[in-house]
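A.B. asks: Per TrEMBL, domain 'ClpX-type ZB' is recorded for 4-61. Positions annotated as Zn(2+) binding site by TrEMBL: Cys20, Cys23, Cys42, Cys45.
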Amino acid sequence: MGRKARDGTLSRNLEGRLMCSFCMRPEAATGALIAGPDAYICEACVFECSRILARETPAQWLSAVTDLPRPRELHDFLDQYVIGQEHAKKVLSVAVYNHYKRIGCCSALGDPELGKSNILLIGPSGSGKTLLAETLARRLAVPFLIADATALTETGYVGEDVDGLIRRLVQSCDNDAQRASLGIVYLDEVDKLAVRHTVSRSRDVSGEGVQQALLRFMDSSVVRFAPRERGAARRPEWLEVDTRQILFICGGAFEGLAQLVERRRRGHGIGFTVDLPGPRRCSNFLAYAEADDLIHYGLIPEFVGRLPVVSVLDPLDEDALVRVLTEPANALVRQYTKLLAMDGCELHFTRGALHALAQEALARGTGARGLRTVIERVLLEPMYRLPRQREVQCLTIDERAVRDGGSPSGFEYSCSTRA
Ligand SMILES: Nc1ncnc2c1ncn2[C@@H]1O[C@H](COP(=O)(O)OP(=O)(O)OP(=O)(O)O)[C@@H](O)[C@H]1O
Ligand SMILES: [Zn+2]
């Protein structure tokens, strides 16, 4: 036994009793300790170590890579849940595939070099940014966390700092730090971190400060913290997460960015651009957004540099919203049909009603997000009455029922009893 094991702090606790050098529990609590030249280890820690090693063997990584869905498969899966956004689907499928392929290969070959390709999604509210990220994470069965960039603070301020974000990811994996490090973090509203947007905000935390804090995590940084429930057997005292394998997908509407792009493309100082941009033109110009435009918008160059993959999503038009209502595997119309079927009622929407719903959602300017609100309003009255009105067996929502705002009269008008 080495000198350190006898005298050093690694092997004895404050009372001078032998302890496990890994979890620091005394011999009385751990049972037999296995001695090394400089340290001791208990059974629980041996178990934990073998579990970690089992996951890190190259063979396992390679099989994970062989099982990795190819970009085309990822795209097909996205198609089941996300309407439109073809470009974003393609870009994301490839980027996410490459990300996990890289992780697998680098780990297998013991290569620490990991050029990570975090992703930036630019698109209006309710166009499917979160949905795309979430659906990919579900297909890959990797941990997924959604966070709002505007709620983040610099370390030391009140609120959730970036460390807290990683901690939340680990907690969502039942404190499995290893698994958490393969996760995807979707960071919403990063456009609100732009320097020019934070000047007039009331909170004392600058968006720039948060951008700086995020930089560290988007590359590689070890976050170390104590798990919430301590003391339980076989639970390490500290959890460590290396963020270098965590994929960050950032999203934002970037209002006004299209105008910046347009101005750049037309050359500065030419007066005729002023009153040209309409919504359609703007989204066209967004497709030409470059790193410089994002920096001009107020993101710091280092932050933009960490987001090499950029995709622009289209605003959903009326036809797209009708498809969102009906086509996805978990489409709203399917959901409510199932819900009313539980009350023994068959629900139908006419084509006119679907378009009216889409138009109303469109008017709200929150993209597909508005659809649920509108459909809830229209179906409120029927859903309120149905559980009592046993005779109603077939309910057709037509255009008028939508336009009448789901008033009782609209309901009377559109429901019928079947013999
Ligand atoms: N392209 C789409 N296809 C199908 N459903 C969509 C699509 N876009 C949005 N939705 C639906 O609208 C809701 C909101 O979408 P999502 O959260 O993805 O918007 P977002 O683009 O992330 O907007 P925000 O930036 O405001 O969060 C989701 O519940 C989703 O079901
Ligand atoms: Zn131990």
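All positions are counted from 1 along the displayed chain.
Just so you know, glycine gets a Cβ as well, placed from its N, Cα and C.
Because TrEMBL annotations are produced automatically, they should be read as predictions rather than curated entries.
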A.B. asks: Three states by DSSP: which one describes Cys42 (Zn(2+) binding site)?
C.D. replies: strand
A.B. asks: Under DSSP, is Cys23 (Zn(2+) binding site) part of a helix or a strand, or is it coil?
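C.D. replies: The residue in question, Cys23 (Zn(2+) binding site), is coil (DSSP, three-state).
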A.B. asks: Excluding near sequence neighbours, so keeping only residues 6 or more apart in the same chain, what lies with its CB under 8 A of Cys20 (Zn(2+) binding site)?
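C.D. replies: Result: Glu27, Thr30, Leu33, Tyr40, Ile41, Cys42, Ala44, Cys45.
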A.B. asks: Using the recorded Zn(2+) site (Cys20, Cys23, Cys42, Cys45) as reference, state which further residues of the same chain have their Cβ within 8 Å of the centre of those residues' Cβ atoms, listed in sequence order.
C.D. replies: Met19, Ser21, Phe22, Met24, Arg25, Thr30, Leu33, Tyr40, Ile41, Glu43, Ala44, Val46
A.B. asks: With every protein chain in view, how many other Cβ atoms are within 10 Å of the Cβ of Cys23 (Zn(2+) binding site)?
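C.D. replies: Taking every protein chain into account, the count is 19.
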A.B. asks: Go through Cys42, Cys45, our binding-site residues, and report the one whose Cβ sees the most other Cβ atoms within 10 Å.
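C.D. replies: Checking each of Cys42, Cys45, the winner is Cys42.
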